[in-house]
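According to Swiss-Prot:
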MOTIF     20-28  motif 'Nuclear localization signal 1'
DOMAIN    288-405  domain 'Cyclin N-terminal'
MOTIF     310-313  motif 'D box 1'
MOTIF     343-346  motif 'D box 2'
MOTIF     349-352  motif 'D box 3'
REGION    544-591  region 'Disordered'
MOTIF     568-574  motif 'Nuclear localization signal 2'
REGION    651-777  region 'Disordered'
COMPBIAS  751-767  compositional bias 'Polar residues'
MOTIF     762-765  motif 'D box 4'
Amino acid sequence: MGSGGVIHCRCAKCFCYPTKRRIKRRPRNLTILSLPEDVLFHILKWLSVGDILAVRAVHSHLKYLVDNHASVWASASFQELWPSPQNLKLFERAAEKGNFEAAVKLGIAYLYNEGLSVSDEACAEVNGLKASRFFSMAERLNTGSEPFIWLFIRPPWSVSGSCCKAVVHDSLRAECQLQRSHKASILHCLGRVLNLFEDEEKRKQARSLLEESSRQGCLISSYLLWESDRKVDMSDPGRCLHSFRKLRDYAAKGCWEAQLALAKACAGGSQLGLEGKACSESVCQLFQASQAVNKQQIFSVQKGLSDTMRYILIDWLVEVATMKDFTSLCLHLTVECVDRYLRRRLVPRYKLQLLGIACMVICTRFISKEILTIREAVWLTDNTYKYEDLVRVMGEIISALEGKIRIPTVVDYKEVLLTLVPVAPRTQHLCSFLCELTLLHTSLSIYAPARLASAALLLARLMHGQTQPWTTHLWDLTGFSYSDLVPCVLSLHKKCFHDDAPKDYRQVSLTAVKQRFEDKCYEEISREEVLSYADLCSTIGVKQESPEPPSFPSSGEIHTFLSSPSGRRSKRKRENSLQEDRGSFVTTPTAELSNQEETLLGSLLDWSLECCSGYEGDQESEGEKEGDVTAPSRLLDVTVVYLNPEEHCCQESSDEEAWPEDKIHPAPGTQAPPASAPRPLLCNRGDRAKDITTSGYSSVSSSSPISSLDGGMGGSPQSTSVLSVGSHSSTKPCHHQAKKSCLQCRPPNSPESGVHQQPVKRQNLSVHSDKDMHLAS
């Protein structure tokens, strides 16, 4: 009953239920923390260690994930970061959690005493034990490639005092005696090291180590034992057949060296009881498994790199390989390492030469008996870089390539073809010449290495007028028909012979490969007249297309960014030169001086090269780099702009240009070299700009570091680009019409002023030190 005695019913008209208030749900805020942990791990993986520490500080849950899951540290990136006292704990933690890059860099840092200075008197022993620990970790984590740590501790070892390499070797050997698992690769490395000694006792120990490694499943150790026994096994038919079966087993398991040896062994297939068809199928499988890797991807990663700049770098590496008499395989592996690194990591332009020479140091140690030492490599760059720069970039390279150095190359397939097919010596040299030229052009990388090698052999036989350049036997061996190879042959001819080679800023053509094959050991094959493109098309039976335009920019667009290898040596051919024969130019450090100067300089050069080349100079494990090179007084910006020589004060021009134009008179007591003689190839480091007409390259620094010897080093070498006799440290502006830009100008230090540049202890000027301190805080 309501008010006033009125009775209300509960119908919808008289009675209303209170309406329900609908509460709006707040939208759920989704953040990165809302993701499943598996997804978070994928996000955290491959971040740099600095980013991981920054993420760790954001939230307690992220902190928990970073601190309690090893996979985050195992995949953390330490790119461009080197071990130092400030970040040592981060490196050690990552290495213990399974980070390959951290383990490699720690091992190299302790071995070369770079970045982690030890003030203990027994520096070699302390560092050697620590390096051994992290090298062992790195080898244990290296599951996809051959054992590699032996290349860092291979001889020569120091004969005076303690040697860090020897300490690492002994420590690893002791570890193998105690540890029962994961030691096959370590045993292989120990065996490889001892096998390089001349001592017969050490070689016996090396064989026993390799046998133990083979029993524990190391495939490459098994192949090395097979190779050492091959000569003995081939003398007996029964043992020969058993040896061949073992080789076939190793090849089937994926050993690349065994696959190559098996393919070459098919040349004597009848002796092994194999039918011709079975041999052809075995070789064909090898060739058809070859895959192309498009090197044009380099330029999508390296935005500041051009094809011409890469051409200049590879040309310089060819010149170094020629000077040091390295094999074509070593050169090809070096270039492959450079290209693989460029596809994976950014490289500033001023570090290209450092990358190239570091790859050569690694490859020579991995496959050659004669090595390129770190000191000599620094010298070859005209001391543009320092000892520690090269040591650190070696760690970056091994980390980026994940320890995989040996990969299939064009040379491998070429050697197989030349073993299986009878080819005239000059045709073999021409085929090798063509294979070497393929290194210079990234556009040819669209073809697999096996196809390139086959096309090189076909083109060589065509150029030498073979009536049957590609037989059915070659078709069966490679799986490539004549028509399959025609496009590759045409591209090869265009790039190697039709397109002009790029020129440096001095209008000098970069032809190091051509000069390499002008040697008599190659029967001067590069001097041979080349079959024209029209005649080639006519011989092949295809319609001639308009040749592609040269892909290289004009000389005005080419900037210098490399230093001449050791030296200011040049066999380049200047197109506008009046000299028709420049073949007399040599690639070894020589100079056209007076008799007295030649005697003094020759003695100094002999001493320097004796100390710093080959095995005798690689005493890098004693901390000998300390005090080796002084820090440069200043650095030149690598962005080089071409300047009008009439408007800019440059230093003296090269001897080729200055003598005929300026009529420079020799200093009293010296003999002026004739105009047709090679220019001096050794000069004062402080006066390096006087010789900027090197073999197509110029140093990036305005003044080279001054070398000094550590007092306790004894016979450790100085850089061989030392003060030449009769040179003056003062420089004067040139007043002639120079044909090049002035890239290196430094204030004169007159000898009469009595002011001498004092060597200072090398300091670490790396840019990552601030970051290290930040990460450790």
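A Cβ is built for glycine as well, from the same backbone N, Cα and C atoms used for every other residue.
With helix defined as DSSP H, G or I and strand as E or B, the motif 'Nuclear localization signal 1' (20-28) counts 0 helix, 0 strand, 9 coil.
Sorting each residue of the motif 'D box 1' (310-313) by its DSSP state yields 4 helix, 0 strand, 0 coil.
For the domain 'Cyclin N-terminal' (288-405), the DSSP-based tally of helix, strand and coil residues reads 83 helix, 0 strand, 35 coil. Averaged across the motif 'D box 3' (349-352), pLDDT for the predicted model comes to 94.
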